[in-house]
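Feature annotations, courtesy of TrEMBL:
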- 173-207: repeat 'PPR' (REPEAT)
- 208-242: repeat 'PPR' (REPEAT)
- 243-273: repeat 'PPR' (REPEAT)
- 346-380: repeat 'PPR' (REPEAT)
- 381-415: repeat 'PPR' (REPEAT)
- 416-450: repeat 'PPR' (REPEAT)
- 451-485: repeat 'PPR' (REPEAT)
- 486-520: repeat 'PPR' (REPEAT)
- 521-552: repeat 'PPR' (REPEAT)
Amino acid sequence: MTSLLIATEDPHLLFHRLFNNSFQTLGSIKDRISQIFIDILCCTRSSAYLTDTRTSRNNELFPFAFQDLLEAIGSKHQQKTQEFSAPDKDSGGGGGDPEVVFNVLDAILKCSLERLKHMRESMSWAHIGHYNYKLKAGYSQHIDTIRNLSLEGRLGVALRLRSKMIHQGIFPDVVTHNYLINGFCKVNAFEKAEWLVTQMSLWGPSPNVATYNTLMKGYCAFGDTDKALDLISAMNYGKVKPNVITYTILVHAHCKKEKLEEARALLLELTDEYSEKTLIASTILMDSSFKKGDTSLAFTLWKEILSKEVDVVAYNVVIHGSSLRYDLILAYKYINQMLKIGFLPDNFTYNTLINTLCKMKQIDEAFYLYKVMSKMGVTPDKITYNILIQWLCRLENMVTAHELLNSMLEKSMIPPLLTWNLVIGGYGRHGDKQNTLHIMNQMMEYGVLPNVFTYNALIHMFIKRGEISKAHLVMKEMISSGPLPDTVTYNLLVGAESEFGHLYSAEQIHDDMLERGYEPDVITYTKLIKGFCMRGKIEDAERIFSFHMLKKCNNLVIDHFPFQILIKKYFKIGNLDGAYGVYQKWLRIDQGQ
């Protein structure tokens, strides 16, 4: 009865139950299948109807994958199954020898099970390989994201992504942690940076020398050299050896704070460790020594550099140091040395000499050097043009300054706002309305927007021309659309109104300053005092001086000009007591009373 039930069972359900039942061992499955096949093959002919039904349903119900599997299993043993499953004539149509049938089926079953085992193993390894690939791809993507977020300053998001990775059992590498630490140092979030270093020390990855150098550089950038020095002890505790970059960062930090002796001591320590790698640190200290005026130490360092190795930067520093002393003969001497050993002067070299020549009012020599650098294959940069234009405007040579500005534009070099302002301011001081407005319009055509200094130059130009109303219109435009005026803007208008005798308007501008939250300075009050004195209104001048200016003397640094203006006016009208009273006030302020 059991045999008949099994024989009539749907083959698809039968094999699915046998091969996919996770609660049965392979041995029990083998025994059970063997028994089932014996029952099927040894059943009597009286079950022909059931057999025909099973055969007819094979093509309908068997899944194609299972049919292929059975065909593969059966093809190898087709001959044997036919031979041993045929009914024995001598036995009157009975089944074959059960033991022989069992042996055949056992061989078939072993073959099929072995094949299924290989299939399962290949599927498992494929799955594991795919998982590992996805894991590696996800790790790389997260690492790149954290680094990019750190560079963009989106540190909160980067930190959350790091936490998510750690919760998944994946730790970002030390380089990625260094990106995060650098980001926190840039925004002065040193508590977070220190916390990250502590986490790395506890859970990994272990901090390396770049980690400590990054944190040290951050401290030095914000002037905390003491904490930077404390990191040396932390490095030693963590068995991380400082390198040449570590010492260079500390030397630079001490130089910025003008602690040259401490920087020198660190340099000597660095020399003991890395005798051939001190060029950068030595150059930094030499530059600071020149700027502080310690030329003895600077030239001592220069001799040390020459005895080991030297580069263009070191030569530029010693040339710049010589130029600070206005010793151009020595500067040219070092340039000749550069050329002899195969180093070519660069933009910094030429700009240093051009700036020094301009300071010495040797503009012709500066222009000669400007032409020489182009012939030597060094293209003048924006700094070169800015130096020359600045000094030409100071010397009121606006024609040549304007030519240099046009030369920049011809070379597709858009000047910075500072350069435009120099030329606009130069023309404005001369009251040259046409060129001032032309340069300003040209600047805006090139996409450079004016700032408060540009508008102040424009106001100065209108005042020079006596067009006070237009100067007021410019300030109104600044208030309505920006940039907002500053104290200089108000002082220009206060001075103009005072000079033209419009004292009421001058005081109104002063009051408007106070209403808008601007603090008048000593120039504001000096211009008002001068305006009242020029019109003989000494009482009003004294009122501005005593009740406005001296009242704020704690916040104002008062120079000698307002005192001299009042004393001269009192002497002019013959009021010696008034002059003496102002003089007494002057003495009390000088004595800090």
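Glycine is no exception: its Cβ is also placed from the backbone N, Cα and C atoms.
Residues 312, 315-316, 319-320, 323, 326, 328, 331, 335, 338, 387-388, 390-392, 395, 397 of the same chain sit 6 or more residues outside the repeat 'PPR' (346-380) yet have a Cβ under 8 Å from a Cβ within it. In the repeat 'PPR' (451-485), helix, strand and coil residues by DSSP number 27 helix, 0 strand, 8 coil.
Per-class residue totals from DSSP over the repeat 'PPR' (208-242), listed helix then strand then coil: 26 helix, 0 strand, 9 coil. Beyond the repeat 'PPR' (486-520), the same-chain residues lying 6 or more positions past its ends with a Cβ under 8 Å from any Cβ of the stretch are 452, 455-456, 459-460, 463, 466, 468, 471-472, 475, 478, 527-528, 530-532, 534-535, 537, 540, 548, 555. Residues 417, 420-421, 424-425, 427-433, 436, 440, 443, 492-493, 495-497, 500, 502 of the same chain sit 6 or more residues outside the repeat 'PPR' (451-485) yet have a Cβ under 8 Å from a Cβ within it. Taken through DSSP, the repeat 'PPR' (416-450) splits into 26 helix, 0 strand, 9 coil. Applying DSSP to the repeat 'PPR' (346-380) sorts its residues as follows: 26 helix, 0 strand, 9 coil.
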